[in-house]
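Student: Take a look at what Swiss-Prot says about it:
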type    : residues                                                               : note
BINDING : ARG111, GLN236, GLN237, TRP238, PRO239, PHE240, PRO241, ARG242, SER243 : substrate binding site
BINDING : ALA202, GLU222, GLU264                                                 : divalent metal cation 1 binding site
BINDING : GLU218                                                                 : divalent metal cation 2 binding site
BINDING : GLU218, GLU222, GLU264                                                 : divalent metal cation 3 binding site
DOMAIN  : 168-293                                                                : domain 'Nudix hydrolase'
MOTIF   : 203-224                                                                : motif 'Nudix box'
Amino acid sequence: MTNVSGVDFQLRSVPLLSRVGADRADRLRTDMEAAAAGWPGAALLRVDSRNRVLVANGRVLLGAAIELADKPPPEAVFLGRVEGGRHVWAVRAALQPIADPDIPAEAVDLRGLGRIMDDTSSQLVSSASALLNWHDNARFSALDGAPTKPARAGWSRVNPITGHEEFPRIDPAVICLVHDGADRAVLARQAAWPERMFSLLAGFVEAGESFEVCVAREIREEIGLTVRDVRYLGSQQWPFPRSLMVGFHALGDPDEEFSFSDGEIAEAAWFTRDEVRAALAAGDWSSASESKLLLPGSISIARVIIESWAACE
């Protein structure tokens, strides 16, 4: 276990969706001739309308781009290069059955992948999901409502008449573990969640806010606590549909009463480190555990933050 002070700790591991995998090769986005030159030998990631991909043996299954078309179609997005320099593109399309019956392929989305996916696969799938979700909802300009077309190998959209260019946007959100500097931390259950399902407090950053100010405001709004010593831990992209989760921890007072004024949180409680460790050992939200406390799955930064705090001595 990590021997750290009671008021500070760091993440013990990098969240799955934050790890460096494929080379994003961003310089090729503005050189379509070079990007297209790699198409005949490129790999293709199909993402269906439910944001699912085919996975087998811990890796995403990639097809041959040339089987889709003889050149990149306008709706394809360039994800980068994998080992050996092979280009990878993604499209929104139905998943194709695997011809080999010995390959145990299954259709899963990012939420269901957890620890079964390697770093490169997780980066490819998360980038593809984020980009394709954006294209699905950005066919008209936010500036004037005019139709737009994909550009930069799928990394922007352009008004073909005016030349106005728009890029994928993200919505920054904070997620925070509130603890007492000793042996207890706050976990909360949203009103929409089943009984026993708890996680960290989170919320979107408002205009004019820093991340730290957002942490203090969100926790005050959601459970009525005043926090201090807000400290950064790490970040993770979360393409559901386009969030960037920025993780923190902060000190709170267990003697301060909870209040749930905005209706988003149904209940919150202080849990001891031993209670949290037991819940982590029992599994996660998807398990059949009878534990009184069910925690987020391994793909989320929430899980990594909770695990890191629980490992403190």
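Glycine too: its Cβ is placed from the backbone N, Cα and C atoms.
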Student: At the level of the C-alpha atoms, what whole-angstrom distance separates GLU264 (divalent metal cation 1 binding site) and GLN237 (substrate binding site)?
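Tutor: With the alpha carbons as reference points, the distance is 23 Å.
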Student: For ARG111 (substrate binding site), list the number of other Cβ atoms lying within 10 Å of its Cβ atom.
Tutor: 14
Student: Just how spread out is the substrate site if you go by the largest Cα to Cα distance in Å among ARG111, GLN236, GLN237, TRP238, PRO239, PHE240, PRO241, ARG242, SER243?
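Tutor: The two farthest binding residues have Cα atoms 14 Å apart.
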Student: Of ARG111, GLU218, PRO241, which binding-site residues are close to ALA202 (divalent metal cation 1 binding site), meaning a Cα within 10 Å of its Cα?
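Tutor: Qualifying among ARG111, GLU218, PRO241: GLU218.
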Student: Could you list the residues of the same chain, at least six apart in sequence, whose Cβ is under 8 A from the Cβ of PRO239 (substrate binding site)?
Tutor: ASN51, LEU110, SER126, SER129, ALA130, ASN133
Student: By CA distance, which of the binding-site residues (ARG111, PRO241, SER243) lies nearest to GLU222 (divalent metal cation 1 binding site)?
Tutor: SER243
Student: Just to verify a number: CA distance, ARG111 (substrate binding site) to GLU218 (divalent metal cation 2 binding site), in angstrom, no decimals.
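Tutor: For ARG111 (substrate binding site) versus GLU218 (divalent metal cation 2 binding site), the Cα atoms are 24 Å apart.
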Student: Determine which residues of this chain, when ARG111, GLN236, GLN237, TRP238, PRO239, PHE240, PRO241, ARG242, SER243 are set aside, have a Cβ within 8 Å of the centroid of the substrate site's Cβ atoms, and list them as they appear in the sequence.
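Tutor: Other same-chain residues with Cβ inside the cutoff are LEU17, LEU110, SER126, SER129, ALA130, LEU244, MET245.
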Student: Quick one: of the binding-site residues GLN237, PRO241, SER243, which has its CA closest to the CA of GLU218 (divalent metal cation 2 binding site)?
Tutor: SER243
Student: Non-local Cβ contacts of GLN237 (substrate binding site) (under 8 Å, 6 or more apart, same chain)?
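Tutor: In sequence order, the residues whose Cβ lies under 8 Å from that of GLN237 (substrate binding site) (at least 6 apart) are LEU17, SER18, SER126, ALA130, ILE170, SER243, LEU244, MET245.
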Student: With an 8 Å cut-off on Cβ distance to the GLU218, GLU222, GLU264 Cβ center, who else from the chain surrounds the divalent metal cation 3 site?
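Tutor: Checked against the 8 Å cutoff, the neighbours are LEU201, ALA202, GLY203, ILE219, GLU221, ILE223, ASP262, ILE265.
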Student: Look up SER243 (substrate binding site) in the DSSP assignment and report helix, strand or coil.
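Tutor: Assignment for SER243 (substrate binding site) reads strand.
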Student: Using an 8 Å cut-off from the Cβ centroid of ALA202, GLU222, GLU264, can you name the remaining same-chain residues around the divalent metal cation 1 site, in sequence order?
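Tutor: Nearby residues not in the site list: ALA188, GLN190, LEU201, GLY203, GLU218, GLU221, ILE223, ASP262, ILE265.
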